[in-house]
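First comes the structure, then the notes that go with it.
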Amino acid sequence: MTATATEGAKPPFVSRSVLVTGGNRGIGLAIAQRLAADGHKVAVTHRGSGAPKGLFGVECDVTDSDAVDRAFTAVEEHQGPVEVLVSNAGLSADAFLMRMTEEKFEKVINANLTGAFRVAQRASRSMQRNKFGRMIFIGSVSGSWGIGNQANYAASKAGVIGMARSIARELSKANVTANVVAPGYIDTDMTRALDERIQQGALQFIPAKRVGTPAEVAGVVSFLASEDASYISGAVIPVDGGMGMGH
């Protein structure tokens, strides 16, 4: 079958209402700025620091269901129902397994996994009603193949993968997709603070022989938020310089 010009044409751009949780710094900020540059209406959540210039900010703690609801209500009043959700907010609290307290384990799960559930559940209301939605979860390579001293963090990110795939199946009939972007070693304040020996050791396992940039993660999110990605759902896309060889 020969494709026509129309079949091969790029779909028209549609400006969407976007919410990026934890979009005031690091990878989240790069994502928010890229989506705004693409032409979307972008809101970000923060914990009291305020929103970067050019972005609409709402204060929100994703571990608090009421705060999540208030944040969504504010975004809806400002720019309409959330059509693209980027669940990025989270934290880490690394420790050796024998020294990791149950409190530390549950704190990370509550922020990274249950927090992602809270925002996804709230976003699903309007997405199902309007028969359109893009949910993009920021995971980690740790969630696919584990990293020492990160039992809590790895468990939370592995859980995000399972949750995203369940959402992808459940909400497909409402034209809602759900995908995970899994960054590897990315140049952020956290990685720059690591001991030089640790940084060099990590590079040994990266075929690209360099750290990634937040902008490179943002580029993948930009694609998943676009009309070009309408047939992609339930995917886990690593941005890791080949470290996990696609896993």
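The backbone N, Cα and C atoms fix where each Cβ goes, and this holds for glycine too.
Keep in mind it's a predicted model, so treat the numbers as computed, not measured.
Noted in Swiss-Prot for the protein shown:
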type	residues	note
MOD_RES	THR2	N-acetylthreonine
MOD_RES	THR21	phosphothreonine
BINDING	ARG25, GLY26, ILE27, ARG47, ASP61, VAL62, GLY90, TYR153, LYS157, ILE186, ARG197	NADP(+) binding site
MOD_RES	THR114	phosphothreonine
SITE	SER140	site 'Important for activity'
ACT_SITE	TYR153	active site, proton acceptor
MOD_RES	THR191	phosphothreonine
Counting other CB atoms within 10 A of each CB, which of the modified residues THR21, THR191 comes out lowest?
THR191
Within 10 angstroms of the C-beta of SER140 (site 'Important for activity'), the count of other C-beta atoms across all shown chains comes to 26
Of GLY90, TYR153, ARG197, which is closest to THR114 (phosphothreonine) if I measure between C-alpha atoms? They're all recorded positions.
GLY90
How many other Cβ atoms sit within 10 Å of the Cβ of ASP61 (NADP(+) binding site)?
18
Counting every protein chain present, what is the number of Cβ atoms, excluding its own, within 10 Å of the Cβ of TYR153 (active site, proton acceptor)?
23
Could you give the Cα-Cα distance between the residue listed as 'active site, proton acceptor' and ARG25 (NADP(+) binding site), in whole Å?
19
